[in-house]
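To keep things clear, I will list the structure first and then write my remarks on it.
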Amino acid sequence: MLQSAVFTSILTCLNARIRTGSAPGHAPPVTGRHVPHGKRHGLAVTLLPDTPMGAGMLRGNRTLNYRHSYHAGNFADVMKHVMLVALIDMLRRKPSPFSILDTHAGIGLYDLSGREAQSTGEWREGIGRLLALPTDPATPPCLQQWLDMVRAVMAAHDGQLFYPGSPVLAARLLRPDDSLTCCELHHQDQQSLRRLFRHDPAVSVHGRDGYEAITALLPPRHARRGLVLMDPPFEQPGEFDRLAQAIITARRRFATGMIAAWYPIKHRAPTRAFLNTLKDAGQRNLLAIELTLRPPLDPARLNGSGLLIANPPFQFEHTARAVTAMLARHLGDGEAQASVEWVVPE
């Protein structure tokens with residue numbers, strides 16, 4: 001884990017960039033270097049400038065306002081990404097190929113020194129806190145592995161604060177016969193993803209609705225194992241209902257695959273209804289992993305986040321409990337709580 005002094009130095013340089021007015025939000029130039037399988041040790045890409053939050057683009061009947069650049073690296077990202085790395089690591093333990101579908105992929109790589117991330121500062125209470133901690137031998141292996149991956153991406157960008165999203169994390173863990181499919185409906189973000197992975201034949205980018213892709217792209221053509229990551233923006237009413245139906249559809253079409261579905265926790269009523277919908281639909285083998293920073297009482301505030309795992313690996317709940325307990329200790333301010341519970345056992 002990065003030492004506190006190193007991270008403080010990075011922050012000092014970052015603050016200097018901001019004070020001097022250097023243009024944020026842009027990565028170093030594209031290297032043009034081919035990224036072969038098994039050697040995804042850092043990706044450099046020029047990011048397209050973000051549209052300000054609220055200046056949404058229209059696609060069909062949907063208005064796409066959400067931009068993850070404002071929230072990248074926050075506590076919810078941290079929990080989701082550590083669990084993602086742990087799940088993919090489980091897939092890697094068997095020799096047969098696997099396929100990953102990321103239904104709401106975003107841009108894949110986020111500049112935490114950029115205008116969007118700096119305007120909210122959410123990353124400072126997430127990945128920022130963890131990078132500032134001294135080495136702890138009690139850190140769960142998957143949490144340490146994820147931190148090492150984040151450090152490697154930053155090192156590939158000369159120590160600047162570039163944070164890897166789920167597509168970059170997944171791509172770095174692929175083996176020669178594995179594959180990753182990323183779906184992103186926002187045209188600008190889709191183009192950033194295409195630029196990011198233009199030299200990686202194992203990664204395909206689709207400019208389509210992630211929920212529609214579940215029907216179109218599952219089951220995978222060349223793998224009987226895999227993972228579907230659903231991380232919708234929750235920017236429209238009815239998102240919990242759409243997510244529940246997407247989980248049911250994905251399990252029907254890809255019964256041998258795992259599903260990891262992210263959901264926000266503002267107050268308890270919507271999350272209870274979401275989980276009950278799946279129970280009432282006869283879904284089984286569902287594990288709910290939740291991290292709340294404060295009591296979920298304010299429906300206007302993100303108080304926590306959850307990750308629902310369908311068909312989790314054997315005894316995965318033990319890994320999840322170790323990780324979330326440490327995250328609650330380091331990311332909370334005395335009120336944080338972690339919960340790992342079976343919604344419906346196998």
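Just so you know, glycine gets a Cβ as well, placed from its N, Cα and C.
Any TrEMBL annotation is an automated prediction that lacks curation.
Source: prediction; values computed, not measured.
The record from TrEMBL ties His81, Ser166, Glu184, Asp209, Gly210, Asp231 to S-adenosyl-L-methionine, and of the options His68, His71, His104, His267 it ties His104 to that site too. For the binding-site residues Glu184, Asp209, Asp231, counting C-beta atoms within 10 A of each C-beta gives the highest total at Glu184. Spanning the listed S-adenosyl-L-methionine site, residues His81, His104, Ser166, Glu184, Asp209, Gly210, Asp231 have a farthest Cα to Cα distance of 22 Å. For Ser166 (S-adenosyl-L-methionine binding site) paired with Tyr66 (site 'Interaction with substrate rRNA'), the C-alpha to C-alpha distance reads 17 Å. Taken residue by residue with DSSP, Gly210 (S-adenosyl-L-methionine binding site) is part of a helix.
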